[in-house]
Amino acid sequence: SDLVTGQIGSDGNMEASLTARDRVGIQDFVLLDAYTSESAFLDNLRKRFHENLIYTYIGTLLVSVNPYKELDIYSKKQMDTYMGVNFFELPPHIYALADNVFRTMLSEFNNHFILISGESGAGKTEASKKILQFYAVSCPSTRLLNNVRDRLLLSNPVLEAFGNAKTLKNDNSSRFGKYMDIQFDHQGGAVGGHILSYLLEKSRVVHQNHGERNFHIFYQLVEGGEEDLLRWLGLERNCQHYSYLVQGDCAKVSSINDKSDWRTVRKALSVIDFSESDTEHLFGIIASVLHLGNIKFEADVRGYATLNNNQEMHWLLGIPAHVLQQGLTHRKIEAKTEEVFSPFSVDHAVYARDALAKAIYGRTFNWLVNKINESLANKDSSRKTVIGLLDIYGFEVFSVNSFEQFCINYCNEKLQQLFIQLTLKSEQEEYEMEGIEWEPVPYFNNKIICDLVEEKYRGIISLLDEECLRPGEATDLTFLEKMEEKIGGHPHFVSHKLADQKTRKTLERGDFRLLHYAGEVTYCVVGFLDKNNDLLYRNGKEVMRQSKNAIIKHCFPSTEPDSKKRPETVVTQFKSSLVGLTEILMSKEPWYVRCIKPNEAKQPGRFDDVLVRHQVKYLGLMEHLRVRRAGFAYRRKYEIFLQRYKPLCPDTWPNWKGTAAEGVQRLIKHLGYKSDEYKMGRTKIFIRHPRTLFATEDAFQVCKHKLATRIQAKYKGYRVKGDFLKQREAATKIETCWRGLMARKEREKRAWAVTCLFICSRFIKGFMTRNQPACIDNTEYLAYVRQSYLTRLRENLPKTVLEKDSWLTPPPIMQEVSQLLKKIYIRHMVRKYIRGITPLRKAQLMLKEQTSSMFKGKKENYPFSVCRPFMDTRISAEDINIKVLQMIRHEQIKYSVPVVKYDRNGFRPRLRQLIFTLEAAYLVEEAKIKQRIDYSSLKGVSVSNLSDNFLILHVTCDDIKQKGDLVLQCDYLFEALTKLNVIANKQNCIKVVQGSVRFDIQPGREGFVDFKSGQESMVYRAKNGHLMVVSTDFRQC
Ligand SMILES: Nc1ncnc2c1ncn2[C@@H]1O[C@H](COP(=O)(O)OP(=O)(O)O)[C@@H](O)[C@H]1O
Ligand SMILES: [Mg+2]
């Protein structure tokens, strides 16, 4: 039953969500059966949107629908939930994507970017902020890193204040493109950042359409600025007084709180390293732009522009009033040798004034971005990986569209192109990797539109530049004519002149229309040339150079390339910055967030089918899905597939012995998959239709219940009277708990893996510096070494005192400690040993100790005796002849042992018993005592140093009648001699001799025993009459 619950518990990811697929739609469009049906796609989005499920996947792409209300899904708790969890395991979320990118970056150590796209107001900027916040919370943190983190987070409100504005589409619309790199060290800590900004919509500074506002910062300053500050800047707290703020007629909007935003910006500025003087200069500029906008010109009698002298000129840039006055009303013309000032008409002066305002604001914005970059810059040069966040203005269509929209929409075309290339490419690569044939997918390639705009010599950009740069009277209309002439036949271009009757009605004379991938946009050519030239009269620049304001000085350097050479046009600069961006992105791994706007009214709960359908179409979501599905809706590693579905086939249940691929093959054969329904890749199974997978999943659900029933049946056996329903409830509960447990385990495992990665790198560094004196790099490593040695030592301690030499070799830094430990441990072991021994064993050991002192290192076969325990006796009392017993019993028999005695004459061997009593040694043959040797007359015992078992007992022989010395062989030589020693205290007379032993056969008659070692042990009478004892040489063994 373990296996059964294990199976149920090992819940997958996408698969697990299948059961819930009817309730909240599907979480991944890839599993949409009718994947070519836009309506089915829309139904799913709508169903989920109305349940506040704004996120849905297409594989790893995230589709996000703007809820236009605060959802409770961005809490810290939610972040924790998504941290380190498998992408498909939890409901789709932007955090899941962010986490997945982060972890992929860490494990593959490469660069990534997240492309966030969607039209204006679809939620791109919010999405990018959510991602940033997620990283801020989820990354490892230290004080230093927190500092970087705070700056990353706070750069946002500052950039938004200066670069965002209320438009008709979005109350906080980004009017610049932003690409932000977040740099991570190898442990995943955010260590720096870098921002690239793209084409700020400068025209907004001087002009706003109805219902729109200027950049937020102007209103924030006027509404929120401290009294002192305003006074110093010469500003009044009333937006209505500034002509640059009121053209859209909506300075106040309920959704925007300029006052509190001001406070946020002020605080942020201080965190991101702006000094007091930086901020003073910065707000000086903002105020100056407002003052500039209020400058009015009057025509003098000749029609030339003059400044109304009554008007108090507030000007904070430290430029002398007359210089400024001259600069705003005259143009400097270089004649052959001299400079001539030509006066402006009023219109011209207004134009020059606005141009100056735009230039000041635009350049200040760039300065701001650079300044933020300085504060985010990471100074150390070790290798970083980055995650790029691209939040760039979305596709935009207004009732009147101008140069800015042209640039913005061109940018979106480029990104769409990139998206197509990257998704098709990656999909194709996966197929190749898995060895599956690539089936081409039909999709709309917008390259044709990109070419129309950017192709050299023929593209719209080239034509526009040509008109801007050519001598002669070029106007917006001549530009239009040129387009009509050069690209008139293009299927994606039409103008009033070229249009058919019906279309012409929808176009004005000065209009042209492009059929973008995202839909038609009608552009009004008026202003194209001007905006593209972005001319700032030369004396305008010269005037600015005299400023005392540090930022302005920086923005208008005197070293600026001379105006004689024409600067690059705006659109060309933009084009090359997009080329640069494409290069940046192409070198990274892409991830996508596609944002959708559910309605134009910025209202929650409203899902406008037509609007959404349109976005789904042009965002290429259907195509992306088709590509993802290019035949195969579902793919999973064999192991994962098998693990989940193995109960469906008796051969694979409960355990499959072969490879996972073979198991899957067997399983799907059993399930009856048809050959065109699936393909076997190298590591994954590809299933063509979701219905195949659904059928399998359904079968699994049924099977699971069957398994559950089996568990229940067993359970019932225990509790016969048990209530079945209650049990089922219990089973479900157990199942849920189990799942939870497994999920938690899985998460812990993953978190551990990530930690491991961090540890590994530190480990390596430590290893490399391990022999250096203790320092930051190696402390942890050395601690690890210490701990590891101690742990290993614990497991490898000598088990007995005798093994004390098997002590684990310590690492260099543990040498001393190890020696101390060894000493302590051995003492401990000895003490333990001693306490554990019995009195009997103690007696035994004491005997052995004596043996050792007599023979250790002296006699060759001594070591072999050590392990043989001594016995009390080798001949029990019953085996001694009763007569003998009767004769010697009074002396107390202490030990008896069988011996071989060699005759004194001829050295013939005889079996005898040797018995030690308290007083004498007896040599006994059956009932006869052959010889008694009183211990007092035992003058010595000789043994050889070799491995024989001979002993010669030398006796004192003053009496002729007495028998002589005894030559004996005893298998228990050491035991016998030790006993003799104990009983008779003969330690000093036991001698270990080399070569030959002289003995007395009888008093006065000597004999010899010669000892040597040889191949084979032998005893014989040698020719010289000596007894020859040959023993095997143990040392040679
Ligand atoms: N996930 C979201 N949750 C709540 N409101 C959102 C979310 N995304 C967007 N919005 C709302 O939509 C507005 C526009 O979003 P924004 O990200 O500025 O659009 P974009 O950058 O695509 O033009 C935001 O100001 C906010 O009110
Ligand atoms: Mg935005």
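A Cβ is built for glycine as well, from the same backbone N, Cα and C atoms used for every other residue.
In TrEMBL, annotation is done automatically, which means it is predicted and not curated.
Here TrEMBL flags 25-701 as domain 'Myosin motor'.
What TrEMBL records for Gly118, Glu119, Ser120, Gly121, Ala122, Gly123, Lys124, Thr125 is ATP binding site. The Cβ of Gly118 (ATP binding site) lies under 8 Å from the Cβ of Ser64, Lys124, Gly394, Arg594, Cys595, Ile596, Lys597, Gln615, Leu619, each on the same chain and at least six residues away in sequence.
Taken from TrEMBL, the feature region 'Actin-binding' applies to 578-600. With a threshold of 8 Å between CB atoms, the same-chain residues lying at least 6 positions outside the region 'Actin-binding' (578-600) that come near it are 45, 49, 60-68, 94, 97, 100-101, 104, 110-119, 121-124, 127, 169, 179, 196, 198, 386, 388, 390, 394, 410-411, 414, 418-419, 422-423, 426, 606-608, 611-612, 615-616, 619, 621.
Among the features that TrEMBL reports, domain 'TH1' is placed at 859-1033.
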Listed binding-site residues adjacent to ligand 1, that is, members of Glu119, Ser120, Gly121 whose C-beta is under 6 A away: Ser120, Gly121
Listed binding-site residues with Cβ under 6 Å from ligand 2, out of Gly118, Ser120, Gly121, Ala122, Thr125: Thr125
Chain-mates of Gly118, Glu119, Ser120, Gly121, Ala122, Gly123, Lys124, Thr125 with C-beta within 8 Å of site centroid, ATP: Asn66, Asn170, Gly394, Cys595, Lys597
Those binding-site residues listed as Ser120, Lys124, and which of them has the most Cβ atoms within 10 Å of its own Cβ: Lys124
Neighbourhood of Gly123 (ATP binding site), C-beta criterion under 8 angstroms, separation at least six: Ser64, Val65, Asn66, Cys595, Ile596, Lys597
Cβ neighbours within the same chain of Ala122 (ATP binding site) - under 8 Å, at least six residues apart: Ser64, Asn66, Gly394, Cys595, Ile596, Lys597, Gln615
Secondary structure at Ser120 (ATP binding site), reduced by DSSP to three states: coil
For the region 'Actin-binding' (578-600), residues assigned helix / strand / coil by DSSP: 9 helix, 8 strand, 6 coil
